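The feature transmembrane segment is assigned by TrEMBL to 6-22. Per TrEMBL, the feature domain '3-deoxy-D-manno-octulosonic-acid transferase N-terminal' maps to 33-209. Annotated active site, proton acceptor per TrEMBL: Glu59, in sequence order. The feature site 'Transition state stabilizer' is assigned by TrEMBL to Glu129, Lys207.
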Amino acid sequence: MRTLYSGLWYALMPALFIRLWWRGRRAPAYRGRWRERLALGLPRQPGHTVWIHAVSVGETLAAAPMIRELLARYPDTPLLVTTTTPTGSEQVRKLFGDRVLHVYCPWDTPDAMARFFRVFNPALVLILETELWPNMIATAARRAVPVWLVNGRLSARSFRGYQKFSALVRPMLQRFAGLMVQTDAEADRFRQLGAPPERVHVTGSVKFDLVLDDTLRENAAVLRAGCGARPVWIAASTHPGEEEQVLAAHATVRAAQPDALLVLVPRHPERFNEVAEQVVRAGMPLVRRSSGERVTADAAVYLGDTMGELLMLFGASDVAFVGGSLVPLGGHNLLEPAAWGRPVISGPHRFNFERVAELLEEQAALVTVVDASSLAEAVLLLLDDSVKRAQQGEAARAVVAAHGGALERVLARLGEVWPGQH
């Protein structure tokens, strides 16, 4: 089955390069460093590394506290952090600079993975969340390199998809040295797919272990002060099909509260200009974060068109809507606004964070909306009622506080398997 899978990769490779070129129209970084996708031209590293693979910005941010701790605990072990997107790459550079090695993860072909392992010689591979690549895992197994899944998640929807390819998935999961997953339900799904039961460990989600440091709090306070006393709500990580609904909701909000400000943060940087044009077409005065201009009194929308500042922008807002949820994409991280003690609003599509949503709902800390009308209603209700806003926000913060500790559990497990420690 893996031979057929590999053949499909080779057959699709021309299309993959065309896709990179096409995406490069809006985000030129997609056209750069293409040789890394094939593990070509990489400088050979002396000695062993520990390879940490995170897909993009979200996984990189989730892994950041773990990576910082690993750098502190094992300063003599070179860490290699890979991503698959330019935005993820930029985030790695911004967070860690030259303290870690960084390249793109190669495409999952046998020869690219073989080259990659020869160059970087990993002694341990840590994969974030659900990046399951059969040739990567097979190459590691062939070289006797242990592979661990960290902060693993597997929604019911993804589980059904993997079941269709059990001949490929089962042997891959059986090669893992261990899987540290977020919930009991996800542990059961991984076991049903073929992971050895004794290698599956429930550690919780490291996303609960958010750190809101002093610099972050100060930057949020400065931005909030610049907005004055006006009500501020944020629509974060939005996708095509959501901005229209968010702007329609904001028009309704401003009809009731004319000084209300929307902080709008599209999920993908290549869409910043497109969304800015949407705001202008909607007739709403716009200020872009990237311009460095202050938030003027007449501004209706503040576009968060910078990288790595979303967590800070949550802190500068009074109410938070988290996108990817009004369209069927599974939603994004509900814990970031919750950690700030902000009331959280989401659409119905949140299979990527189903357990987190359940925990928030159990404490009346999450409001579910289905369209522009219900979104506007939810935002206005919270902006109008400071007591309700504070109660819901504190309930959200309490959920985050009650479920922390996953990071220490992950680090303890890694300490048992870290190269050269035993």
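Just so it is clear, glycine is given a Cβ too, placed from its N, Cα and C backbone atoms.
This view paints the features noted in TrEMBL onto the structure.
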residue : record                             : Cβ neighbours (10 Å)
Glu59   : active site, proton acceptor       : 24
Glu129  : site 'Transition state stabilizer' : 24
Lys207  : site 'Transition state stabilizer' : 26
DSSP three-state assignment (helix, strand or coil) for Glu59 (active site, proton acceptor): helix
In three-state DSSP terms, the structure that Lys207 (site 'Transition state stabilizer') belongs to: helix
Rounded Cα separation (Å) that holds between Lys207 (site 'Transition state stabilizer') and Glu129 (site 'Transition state stabilizer'): 11
Glu129 (site 'Transition state stabilizer') versus Glu59 (active site, proton acceptor) - Cα distance in angstrom: 8
